[in-house]
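**Q** Dropping the structure in here first, questions after.
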Ligand SMILES: NC(=O)C1=CN([C@@H]2O[C@H](COP(=O)(O)OP(=O)(O)OC[C@H]3O[C@@H](n4cnc5c(N)ncnc54)[C@H](O)[C@@H]3O)[C@@H](O)[C@H]2O)C=CC1
Ligand SMILES: O=C(O)[C@H]1O[C@H](OP(=O)(O)OP(=O)(O)OC[C@H]2O[C@@H](n3ccc(=O)[nH]c3=O)[C@H](O)[C@@H]2O)[C@H](O)[C@@H](O)[C@@H]1O
């Protein structure tokens, strides 16, 4: 073990063994780098661990036979214990915020680190109830299996926020960071109310040292503000703040978490900061190869997250801008994207032209970046990134205009079926879905819109179409209820029902099985599809 906290030793019998001579307890685990072997031995390990804690033994030792350079879950336990001068302590992780990031990320940590106890807490009773039920609050391929494997073993969900914060060694904060709707920076800056509330709560209840991890996407220098809140309210407890932004994409969250391109950890460049970085690094090292765990200073980590999302969104706006030119010239945007993506310096991903990017983060994070640039007196840089959003808005309205113009310049009283409402496939998430703008645009021209999406409830769709900009990004129970009883659209549970008697159909992002999007489909023939959830393009057919 690199840290030297866990000694390695060859076990000739190749089997786990506990020995206890002269009061020294040893657990010898043969380990070849496969977590299943650690899993199999973990119960024995935990009971030994517990006995050592119960007896306040300071002489217990763990011997780990290993043949790879990555760390084991057992090392985590010792490292965190030693951080506070204690040995034999099971690491406890608490995650504040049981949403699209907190839920899946903690489930995967629990799965990959069976010797770590993970508790996810939230102010939303409904969310926590759902995490503890058969019907999880979010749809994400593979999530069910992971949660069911760990729930009740080392993964728990609770509304008792104070209790679990107080018990935790490492606290992840993964709460909403919506765009501000009022006051200074409204429409651009991040609203850190939820983060601040979480920080105050941590400061109030912490009685022992904690590592606090920024998991939410936050403006650069947020860690400094959080540090101030924690330190000024701490009563002698030491806090180390780390930035550990999340790069998972919805719909592939479990795959992304199992096999991340990189894990980024930023921390203070002090001895305590470095120790905290190592402690978190060891959690990830249970399954992420060491060369993919990048450590930086706090500000680089915070900024890298915003920059990564801005770069991804910029590629989409670039190809969408080219799609307008393709439509004007007769070039095919899919062919152009393929040709440019073959250049290895450019690469093929995130070059699918679309009706515009959606989702809870791209727009929010770019606005946040724009605001930071403006605050630092960099208007040219701010405008550069602002244009990525402008093109995105242009693409959405261009699509609506094409639909309307292709139907003799009016969709009034014409039935339009919308197949898929979520912002992309394999998710039920409708936050900032382009379908909202498209439906609103069509409704503005008095179309009769009928929506089908197997992953989204009618209530959610009606609410999305009634909510004001940015209201969606607050905890569900704090969102304003739909102001009107009048339902702007029809919603059906049957795709065929949606298309019955329609004048046109539009298949939306959640209905895509590939990323071969096009907005040039206004006069294209309707494709035959396996099912609505596997349609490949936004399309609309004239009858
Ligand atoms: N959704 C995504 O794919 C990604 C999101 N992010 C970032 O992660 C953060 C969270 O995003 P999501 O999980 O999508 O949001 P979410 O809305 O699904 O989850 C946030 C949760 O935090 C809870 N919460 C708010 N304040 C709280 C408090 N004081 N105490 C306890 N719980 C509290 C809310 O009730 C909600 O359940 C955001 O900053 C987002 O930008 C980062 C990467 C990917
Ligand atoms: O910070 C976040 O929230 C996350 O934002 C995105 O993930 P996500 O928004 O879940 O989904 P993406 O796959 O990135 O898609 C975003 C939008 O862009 C659209 N898109 C994507 C790719 C493409 O080529 N064209 C395109 O229009 C999608 O349909 C969707 O509407 C990033 O991909 C994640 O790395 C990041 O962690």
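Just so it is clear, glycine is given a Cβ too, placed from its N, Cα and C backbone atoms.
Sharing the feature lines straight out of TrEMBL:
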ACT_SITE  361  active site, nucleophile
BINDING   122, 127, 177, 217, 250, 364, 431  NAD(+) binding site
BINDING   247, 248, 249, 250, 305, 350, 351, 352, 353, 354, 358, 424  substrate binding site
COMPBIAS  501-522  compositional bias 'Low complexity'
DOMAIN    417-498  domain 'UDP-glucose/GDP-mannose dehydrogenase C-terminal'
REGION    498-522  region 'Disordered'
**Q** Near ligand 2, which of the binding-site residues 122, 127, 177, 353 have CB less than 6 Å from any of its atoms?
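**A** Checking each Cβ against ligand 2, none of them comes under 6 Å.
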**Q** Using Cβ-Cβ distances, find the residues under 8 Å from residue 122 (NAD(+) binding site) that belong to the same chain and are at least 6 apart in sequence, listing them in sequence order.
**A** 96, 97, 98, 99, 102, 128, 157, 159, 161, 475
**Q** Quick one: of the binding-site residues 249, 305, 351, 358, which has its CA closest to the CA of residue 217 (NAD(+) binding site)?
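**A** The smallest Cα gap between residue 217 (NAD(+) binding site) and any of the binding-site residues is with 305.
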**Q** Can you tell me the three-state DSSP label for residue 431 (NAD(+) binding site)?
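**A** Residue 431 (NAD(+) binding site) sits in coil per DSSP, no helix or strand.
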**Q** By CA-CA distance, flag whichever of 127, 177, 361, 364, 431 among the recorded positions is nearest to residue 249 (substrate binding site).
**A** 361
**Q** Between C-alpha atoms, which of these recorded positions comes nearest to residue 127 (NAD(+) binding site): 247, 351, 353, 358, 361?
**A** 361
**Q** Which one is it: of the recorded positions 351, 361, which Cβ has the fewest other Cβ atoms within 10 Å in this structure?
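**A** Checked 351, 361; of these recorded positions, fewest Cβ neighbours within 10 Å: 351.
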**Q** For the binding-site residues 127, 305, 364, 431, which one has the sparsest Cβ surroundings, going by other Cβ atoms within 10 Å?
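**A** Among the binding-site residues 127, 305, 364, 431, the lowest count of other Cβ atoms within 10 Å belongs to 431.
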**Q** Under 6 Å from ligand 1 by Cβ, which recorded positions from 122, 177, 351, 358, 361, 431?
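**A** Checked recorded positions vs ligand 1; flagged 122, 177, 361.
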**Q** Going by DSSP, is residue 305 (substrate binding site) sitting in a helix, a strand, or coil?
**A** helix
**Q** Test of understanding: give the count of other CB atoms lying within 10 angstroms of the CB of residue 353 (substrate binding site).
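**A** Its Cβ has 29 other Cβ atoms within 10 Å.
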**Q** Please work out the helix, strand and coil residue numbers for the domain 'UDP-glucose/GDP-mannose dehydrogenase C-terminal' (417-498) from the DSSP assignment.
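**A** When I sort the residues of the domain 'UDP-glucose/GDP-mannose dehydrogenase C-terminal' (417-498) into the three classes, I find 30 helix, 11 strand, 41 coil.
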**Q** Closest to residue 250 (NAD(+) binding site): which of the recorded positions 305, 353, 361, going by Cα position?
**A** 361
**Q** Taking each of 247, 351, 353, 431 in turn, which of these binding-site residues have a Cα lying within 10 angstroms of the Cα of the residue listed as 'active site, nucleophile'?
**A** 431
**Q** Just report the maximum Cα pair distance in Å for the recorded substrate binders 247, 248, 249, 250, 305, 350, 351, 352, 353, 354, 358, 424, no decimals.
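**A** The substrate-binding residues span at most 23 Å between Cα atoms.
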